[in-house]
Amino acid sequence: MNKLRQSFRRKKDVYVPEASRPHQWQTDEEGVRTGKCSFPVKYLGHVEVDESRGMHICEDAVKRLKAERKFFKGFFGKTGKKAVKAVLWVSADGLRVVDEKTKDLIVDQTIEKVSFCAPDRNFDRAFSYICRDGTTRRWICHCFMAVKDTGERLSHAVGCAFAACLERKQKREKECGVTATFDASRTTFTREGSFRVTTATEQAEREEIMKQLQDAKKAETDKTVGPSVAPGNSAPSPSSPTSPTLDPTASLEMNNPHAIPRRHAPIEQLARQGSFRGFPALSQKMSPFKRQLSLRINELPSTMQRKTDFPIKNTVPEVEGEAESISSLCSQITSAFSTPCEDPFSSAPMTKPVTLVAPQSPVLQANGTDSALHVLTAKPASTALAPVAMPVRETNPWAHAPDAANKEIAAIHSGTEWGQSSGAASPGLFQAGHRRTPSEADRWLEEVSKSVRAQQPQASAAPLQPVLQPPPPAAIAPPAPPFQGHAFLTSQPVPVGVVPPLQPAFVSTQSYPVANGMPYPASNVPVVGITPSQMVANVFGTAGHPQATHPHQSPSLAKQQTFPQYETSSATTSPFFKPSAQHLNGSAAFNGVDNSGLVSGNRPAQVPPGTCPVDPFEAQWAALESKPKQRTNPSPTNPFSSDAQKAFEIEL
């Protein structure tokens with residue numbers, strides 16, 4: 001019966017060892033290169049392994065997969081885990097496992113990721129390979145059982161795939177110029193180029209380009225008339241009918257015969273975007289990103305470009321002043337640091353101050369008379385710019401019963417002008433009630449001023465006799481303890497014009513009014529021949545002598561000018577004033593006080609016959625010393641308000 005059964009069974013082929021079948025291996029090598037090599041296999045599965053190479057690693061993986069298959073078969077009976085019947089395709093690009101029935105792609109393995117392949121010594125038909133998983137970056141071993149062939153034939157076919165892949169890689173390196181430089185000292189290597197897998201069309205294009213480059217090389221070596229061979233001398237391959245023809249000279253400029261020129265975008269796409277076209281100055285030498293200095297916002301090229309491209313309309317015209325001498329600057333510094341100011345906020349309560357600023361308003365007239373707020377200039381000027389409006393107070397806490405002296409003090413004399421008003425207080429101003437003792441620099445400056453004054457002749461001012469018209473009373477600003485400014489008259493009358501205020505070349509001294517309306521007149525003691533300590537002693541010794549009356553000054557004594565009294569709370573005053581010229585054609589009173597007590601200014605100076613004209617500085621100093629010493633009303637909050645001081649200047 002056994003023989004009868006064996007007669008119906010399929011007879012097995014006679015076993016021929018692999019070493020005696022070299023003709024089959026040759027066909028496998030050709031099939032791998034053409035991509036037509038395939039083997040029917042049973043895919044056992046894959047497991048994770050610890051190493052990337054070794055036959056023992058592959059054998060252990062096969063044992064594990066076979067043991068799992070037996071375990072499931074015995075536990076579940078016929079429903080155990082079976083090996084999948086599939087077809088293994090081997091090519092120079094990779095290994096692909098396709099299901100025999102469903103034609104599904106089970107495994108698609110790149111040949112470059114395969115690190116090791118080997119047959120199994122325990123199972124003749126077993127074959128496995130180790131690869132690196134692209135997602136988990138772990139070593140995975142895939143195991144197969146060949147159906148018709150042995151594991152050695154499958155391993156040989158995969159080895160042929162390795163060789164074909166290596167040949168392609170070396171060919172690409174030669175074409176695209178991939179170079180690897182190894183540094184033994186740092187145990188590193190640098191690779192240049194790309195190993196990207198190219199398509200058949202790209203490969204044909206590269207072959208054509210290589211032919212053109214070789215032709216151009218031959219033309220250079222032969223030293224023909226033309227520097228290069230014209231493109232298109234080689235017919236394009238049939239597989240690439242649309243292959244572009246490139247100029248070989250452009251490629252030879254790179255000095256690399258193996259380099260393949262890239263396709264570049266058109267010039268329109270390479271142009272810069274619109275956001276950068278607006279600032280062409282960024283590419284110049286003045287770019288802030290090219291210099292090592294500090295970055296200033298106003299000097300940025302983009303800012304300067306915006307200023308030039310979009311000019312600001314309705315700009316305010318600025319008139320530059322005359323150059324100042326060193327002596328005038330010294331006198332201004334001395335005036336700013338030595339002029340005391342009474343504390344106006346401690347003696348009387350104040351209501352809310354209202355500051356009116358009209359920087360570009362035209363000059364107004366009241367009842368046909370020019371405003372008393374004109375700023376006089378020392379040179380002819382036809383353009384009339386706007387004056388600076390004075391701070392206005394609703395109520396005057398210092399307004400008492402007006403008398404003749406107060407009216408004369410409040411009147412605007414010849415040469416009245418305002419300093420330039422700014423949004424912040426001038427740096428030369430001190431806080432109200434601040435006292436300052438002269439320093440060594442002040443004493444040195446006084447000594448230098450004395451020596452200069454002794455050498456230079458005194459400048460005389462020609463008397464001006466303007467006509468004063470009785471103006472209507474106009475309510476302007478109340479008198480308050482001012483920051484005293486000084487002016488200096490020129491020797492010729494000039495028309496009344498208004499220009500931005502200039503700083504004087506010389507600042508003379510002025511009378512100093514206090515809170516009760518009684519001023520300290522300017523000192524008139526000669527300063528030649530006395531020491532600075534004596535000068536300080538004279539000033540501080542006679543500072544407490546008030547003056548009951550203040551006679552009107554004659555135009556012949558026009559060096560001494562009285563300025564309008566304005567608010568100290570507005571913090572917009574400046575102690576520096578420019579030279580004044582002459583009287584206004586109108587006058588005004590403060591707080592509605594009539595100026596009927598003013599004496600007409602067109603009378604000449606009354607000098608007794610037979611006597612020389614007295615210098616106004618000496619006359620006022622003598623008048624100051626002759627008065628009895630009194631104390632002003634002390635402030636309840638300011639302990640220094642009763643000690644009034646008089647600042648003086650030395651005329652150069």
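Even glycines carry a Cβ here, placed using N, Cα and C.
The feature domain 'PID' is assigned by Swiss-Prot to 37-173, with sequence analysis given as support. Here the domain 'PID' (37-173) has a mean pLDDT of 88 out of 100.
The Cβ of Thr102 (phosphothreonine) lies under 8 Å from no Cβ of any same-chain residue at least six residues away in sequence. Marked as phosphothreonine by Swiss-Prot on the basis of similarity to another entry: Thr102 (among others).
For Ser194 (among others), the entry in Swiss-Prot reads phosphoserine.
Across the compositional bias 'Basic and acidic residues' (213-223), DSSP classifies residues as 10 helix, 0 strand, 1 coil. According to Swiss-Prot, the compositional bias 'Basic and acidic residues' annotation covers 213-223.
As annotated by Swiss-Prot, region 'Disordered' applies to 213-256 (among others).
Residues or ranges marked as compositional bias 'Low complexity' in Swiss-Prot: 227-251.
Feature annotation from Swiss-Prot assigns phosphothreonine to Thr242 (among others).
According to Swiss-Prot, the feature phosphoserine maps to Ser243 (among others).
Summarising the annotation, Swiss-Prot assigns phosphoserine to Ser275 (among others).
The phosphoserine annotation in Swiss-Prot covers Ser294 (among others).
According to Swiss-Prot, the feature region 'Disordered' maps to 418-440 (among others).
What Swiss-Prot lists as phosphoserine is Ser426 (among others), and the listing cites similarity to another entry.
Around the Cβ of Thr437 (phosphothreonine), 8 further Cβ atoms fall within 10 Å across all displayed protein chains. Residues or ranges marked as phosphothreonine by Swiss-Prot: Thr437 (among others).
Under 8 Å, Cβ to Cβ, and six or more positions away along its own chain, Ser439 (phosphoserine) finds no residue. What Swiss-Prot records for Ser439 (among others) is phosphoserine.
Residues annotated as region 'Disordered' in Swiss-Prot: 543-580 (among others).
The feature compositional bias 'Polar residues' is assigned by Swiss-Prot to 550-575 (among others).
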Across the domain 'PID' (37-173), DSSP yields 51 helix, 52 strand, 34 coil
